[in-house]
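Per Swiss-Prot, the features are as follows:
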| type | residues | note |
| --- | --- | --- |
| ACT_SITE | D26 | active site |
| ACT_SITE | N74 | active site, proton acceptor |
| BINDING | D26, E213 | Mg(2+) binding site |
| BINDING | 27-31, R39, H43, 71-73, W75, R77, R194, 200-202 | substrate binding site |
Amino acid sequence: MSNAAAPATEGPDRSDAPAHVAIIMDGNGRWAAARGLPRAEGHRRGVEALRRVVRASHELGIRYLTIFSFSSENWSRPASEIGDLFGLLRRFIRNDLASLHRDGVKVRIIGERDGLESDICALLNEAEELTRDNSRLTLVVAFNYGSRQEIAKAAQKLAREVAEGRRDPATIDAETLGAHLDAPDIPDPDLIIRTSGEQRLSNFLMWQAAYSELVFVPIHWPDFDKAALEGAIAEFARRERRFGGLVAKTAS
């Protein structure tokens with residue numbers, strides 16, 4: 001994308017917003033079924049919702065937005081649906097990457113790339129390379145991602161270091177393992193949102209979600225918009241985050 005304009009670098013100061021929001025974008029198929037439409041149309045409308053939420057995240061002062069784009073378990077879906085999802089990813093990167101770059105969005109990809117089609121890998125690499133110096137909003141795309149697989153891969157890296165004599169196993173702790181995950185430089189999510197009313201993480205950021213606030217909203221992903229995001233943030237703001245401890249009492 002050599003014709004992309006120079007990106008913006010700073011976002012608004014909104015101290016009330018969570019720094020990192022992660023979203024499980026669920027309900028595209030059910031949204032389509034409720035309207036008598038093919039599942040592919042639900043996924044297409046889901047991409048439109050993603051555009052809205054990326055824009056809203058910047059406007060609300062969110063610094064990191066992680067989206068669960070394609071789970072490692074999604075390979076069990078019909079081949080035609082997988083083809084539709086990959087086609088949407090191709091079009092999204094080709095059509096939206098220049099505008100994301102212009103708006104100062106940095107794209108990061110987490111997940112397993114081995115086994116993906118070569119053109120998909122090339123597009124993912126292009127998105128990261130073009131936007132690597134942007135700082136207004138970091139969009140983390142979890143693609144072909146599974147949290148258990150991510151943790152297992154981190155354990156394998158540590159095991160190799162021990163086997164090669166580069167690490168004493170006694171030095172391995174939670175911080176060490178966390179540093180071997182896919183994106184250790186990105187802070188853990190403050191808020192995880194799941195659409196469609198389902199109340200589970202589905203193998204998404206299970207390590208990073210240790211102290212995240214979880215908000216489950218009943219609407220399907222294609223209907224999610226800035227107002228819905230603001231509602232989830234308002235619920236987040238009402239929570240008392242304890243991080244395993246007690247909330248300090250104010251003096252009366």
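Each residue, glycine too, has its Cβ placed from N, Cα and C.
Predicted, not measured: the structure shown is a model, and the values here were computed from it.
The structure, with features from Swiss-Prot marked on it.
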residue	record	DSSP class
G27	substrate binding site	coil
H43	substrate binding site	helix
S72	substrate binding site	helix
R194	substrate binding site	strand
L201	substrate binding site	coil
E213	Mg(2+) binding site	strand
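Of the binding-site residues W31, W75, W31 has the largest number of other Cβ atoms within 10 Å of its own Cβ. The number of other Cβ atoms within 10 Å of the Cβ belonging to H43 (substrate binding site), over all protein chains shown, comes to 21. Of all the recorded positions listed here (N74, W75, R194, L201), R194 has the Cα closest to the Cα of D26 (active site). Within 10 Å of the C-beta of R194 (substrate binding site) there are 24 other C-beta atoms, taking all protein chains into account. Cα separation, G29 (substrate binding site) to N74 (active site, proton acceptor), rounded: 13 Å. Within the group of binding-site residues (G27, G29), the Cβ with the highest number of other Cβ atoms inside 10 Å belongs to G27. When the recorded positions D26, E213 are compared by the number of other C-beta atoms lying within 10 angstroms of their own C-beta, E213 comes out lowest. Comparing H43 (substrate binding site) with N74 (active site, proton acceptor), their Cα atoms are 14 Å apart once rounded. Taking a C-beta cut-off of under 8 Å and a sequence gap of six or more, L201 (substrate binding site) has these contacts in its own chain: I24, S147, I192, R194, A209, L214. Other Cβ atoms within 10 Å of the Cβ of N74 (active site, proton acceptor), summed over all protein chains shown, number 16. W75 (substrate binding site) and E213 (Mg(2+) binding site) have their C-alpha atoms 29 Å apart, to the nearest angstrom. Separating the Cα atoms of E213 (Mg(2+) binding site) and G27 (substrate binding site) is a whole-number distance of 21 Å.
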